[in-house]
Amino acid sequence: MDSWSSIMLTTPTGRYVATSVTSVHEMENGFNIWSFHGKLLYRIPKDHFFQFLWRPRPPSFLSPEKEEEIAKNLKKYSKKYEAEDQDVSLLLSEQDREKRKMLKDEWERWVNEWKKLHEEEKLDRQGLRDGEASDEEEEYEAKEVEVEELLDVSEEVLSFDFGQE
């Protein structure tokens, strides 16, 4: 006698669902893990697959009374921690602004230095081009090219019988 079962389990958080087929002696067993909105994330076939369990959650270090107190005062605690999070976020965003400003200033210094060097070398470049000042000229010529490609050729013989006999 074969014993098998199809099982569906959700995580304690409800974010994932697992479906499994288990049988002691049969093949084609295994499990699938799905997201909460039905997208298949993993498909694991496993011969002689016997049991699927989510990893157990560790026991809480808090006493039941302390957990109850926290649940009652959750709004108070959340306001406190949201204020701390906002302070950290403001500090980080200020640091990001300072870093972006520093990078922008560094970039502008580099561009100004390049422009200065480019201007200083202008006479040297002009000398190498036999006195022609061609910095502002475009060094390319635009051409329009039209390509026609023949893909397929077929011949057919047509008869024109317009009621003539």
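One-based numbering along the chain as shown.
Using the three backbone atoms N, Cα and C, a Cβ is placed for every residue, glycine included.
On a predicted model such as this, the values are computed, not experimentally measured, just so you know.
According to TrEMBL, the protein has these features:
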type	residues	note
DOMAIN	5-52	domain 'Translation initiation factor beta propellor-like'
COMPBIAS	122-132	compositional bias 'Basic and acidic residues'
REGION	122-145	region 'Disordered'
COMPBIAS	133-145	compositional bias 'Acidic residues'
Per-state residue totals over the region 'Disordered' (122-145) - DSSP helix, strand, coil: 7 helix, 0 strand, 17 coil
DSSP-derived helix, strand and coil totals, residue by residue, for the domain 'Translation initiation factor beta propellor-like' (5-52): 0 helix, 26 strand, 22 coil
